[in-house]
Amino acid sequence: MALPITDDDLDGLKQPYVTFSSGSASPPQSTTDAMDLEEQVLDAIKSDAFLVDWVGEDDKGNPQNLPYWRKWVITMSLALYALSTTFSSSVFGAATHVLAEEFALPAETVVLGCTSLFMVGFATGPIFWGPFSEAFGRTRPLLAGYLAFAVLQLPIADARSLTSICILRFLGGFFGAAPSSILSGILADIWSPRERGFAMPTVGAFLTIGPILGPLIGSVLVQSVLGWRWIANVVAIASFFIAVFTFPFLPETYTPLLLARRAERMRHMTRNWAYRSKSEEAQSSIGDFAERYLLRPARMLALEPILLMMTLYVSVSFGLLYNFFLAYPTSFIQERGWDQTTASLPLISILVGVIIAGALLSFTTNSRWAPNAKEGRPQETRLLLMMVGAVSLPAGMFLFAWTSSATMNPWPQILSGIPTGFGIHLINMQGMNYIIDSYKIYANSAIAANTFLRSLFAAGFPILATSMYAAIGVKWGTTILALLAVAMIPIPILFYYFGAKIRAKSKWQPPL
């Protein structure tokens with residue numbers, strides 16, 4: 001029969017071994033008894049009795065139990081980080097022709113250096129920021145990345161060559177990717193799955209609103225007495241302002257790190273070194289890192305039809321969004337003769353479409369348009385709204401293309417941005433949500449692959465658009481891209497009917 005293990009027994013293991021002389025008053029225990037006791041102590045240590053976890057559902061240390069107002073402060077802080085970094089991704093597009101004249105370079109080269117390289121950095125950043133957020137918690141990588149992003153804006157304002165701007169823009173994208181890489185983890189830390197249905201569309205809307213505001217505000221700055229260099233200064237000032245007023249309200253939310261800190265406190269308070277958290281038991285190697293953050297996302301993207309096709313569709317729609325940041329100014333300046341600031345105002349219609357789509361997603365969170373296993377609605381239910389967006393996007397693009405003539409009233413072309421923005425946001429959000437629903441515990445790997453490809457498309461489309469619009473004009477260039485959007489329509493329809501069967505055959509299908 002096993003002897004009961006007490007803290008005194010565990011404390012005994014911390015003491016040095018005691019040797020007995022021939023004159024000892026009492027003889028030592030036999031070697032067998034000592035070994036049996038040690039085995040019992042070790043078994044007790046290995047048991048869950050000393051495993052530190054949350055104490056009940058109401059544990060105040062659990063980020064899920066933060067006050068409701070505090071959760072929304074955190075959520076809106078993340079939305080502001082996303083807004084400022086994605087704003088920076090597109091804002092220099094407004095200075096393309098000014099920079100081309102100042103540095104005597106082709107417009108395509110300026111687009112490559114100022115917009116595309118930023119998005120390449122934005123694509124590579126998550127490879128590092130994701131692991132950092134799991135190794136060091138959420139707040140430290142978030143703070144480090146965001147502040148570095150803000151600081152890197154300052155030398156851009158004094159840059160004397162496009163090469164310097166290119167390097168700084170790439171680094172700005174790399175560090176600016178930190179909030180976008182970490183925010184989904186923080187939202188999962190503090191919100192329940194049902195509550196995330198309201199929080200995620202809010203942050204997602206800011207991720208799309210940011211790049212839309214970039215050309216609008218950038219055009220105003222470029223045309224003002226401040227000039228293009230103040231674009232970087234404005235981004236820096238806004239980012240520092242956001243950081244100062246939000247970081248004091250951001251607690252650490254990563255559960256493994258919080259439990260490890262609690263276990264450390266308990267060890268020091270009780271002098272019982274058996275207390276530990278699950279994360280402290282895990283041993284990670286470079287091979288584990290490569291598998292989790294590099295190899296698995298690549299394999300999933302190559303072997304998973306759902307991930308591959310959904311990522312392709314989301315990436316195309318995201319690339320089309322960045323394409324319009326050039327299409328609108330090109331059409332309204334070159335074909336209608338508007339000045340740059342006025343020509344950027346029609347982009348507001350895309351913003352309106354995004355806001356309408358975001359509101360629709362929030363209002364339908366608990367409706368028949370959303371998945372609900374208890375009511376028999378599978379993950380594929382999300383694709384219903386995605387189908388609506390799939391039709392809306394090319395419809396808006398065709399309207400934009402075929403009303404772009406200077407002889408036609410500009411309002412149809414201006415208002416075409418509403419169905420365009422509406423469609424882009426529905427495709428992006430519902431596509432991402434469907435990926436998360438489909439892979440659950442492997443969602444981080446799936447989203448990493450998605451983010452990488454999506455950012456590369458956003459980097460490539462502006463270069464493509466610059467050359468294409470110069471060669472064949474806005475009407476036919478946008479028509480070709482609209483046909484590409486039409487070709488994507490069958491994707492959500494296909495997975496709506498066959499997605500469940502495809503998921504059942506997946507190697508990465510999570511257990512029920």
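Placement of Cβ uses the backbone N, Cα and C atoms for every residue, glycine included.
Looking up the ranges 34-54, 202-222, 433-453 in Swiss-Prot, the one annotated as transmembrane segment turns out to be 202-222. Spatially, the transmembrane segment (230-250) is adjacent to the transmembrane segment (72-92); three or more Cβ-Cβ distances between them are under 8 Å for residues at least 6 apart in sequence. Using a Cβ-Cβ cut-off under 8 Å and counting only residues 6 or more beyond its ends in the same chain, the transmembrane segment (306-326) has close neighbours at 90, 93, 96, 111, 115, 119, 208, 211-212, 214-215, 300, 347, 350, 393, 397, 417, 420, 423-424, 427-428, 431-432, 434-435, 438-439, 446, 449-450, 453-454, 456-458, 460-462, 464-466, 469, 481, 484-485, 488, 491-492, 494-495, 499, 502-503, 506. Non-local neighbours of the transmembrane segment (343-363) in the same chain are 94, 197-198, 201-202, 204-205, 208-209, 212-213, 215-216, 218-219, 321, 324-325, 328-329, 331-333, 336, 385, 389, 396, 410, 413-426, 429-430; each lies 6+ residues outside the stretch with a CB under 8 Å from one of its CB atoms.
Tallying C-beta pairs under 8 angstroms between the transmembrane segment (456-476) and each of 72-92, 110-130, 142-162, 383-403, 407-427 places 110-130 first. Packing against the transmembrane segment (72-92) from elsewhere in the chain are residues 66, 99, 114-115, 118-119, 122, 142, 146, 149, 153, 169, 172-173, 176-177, 179-180, 183, 186-187, 190-191, 199, 202-203, 205-215, 217-218, 228, 231, 235, 238-239, 242, 246, 249-251, 253, 322, 325, 458: each is 6 or more residues past its ends and has a CB under 8 Å from a CB in it.
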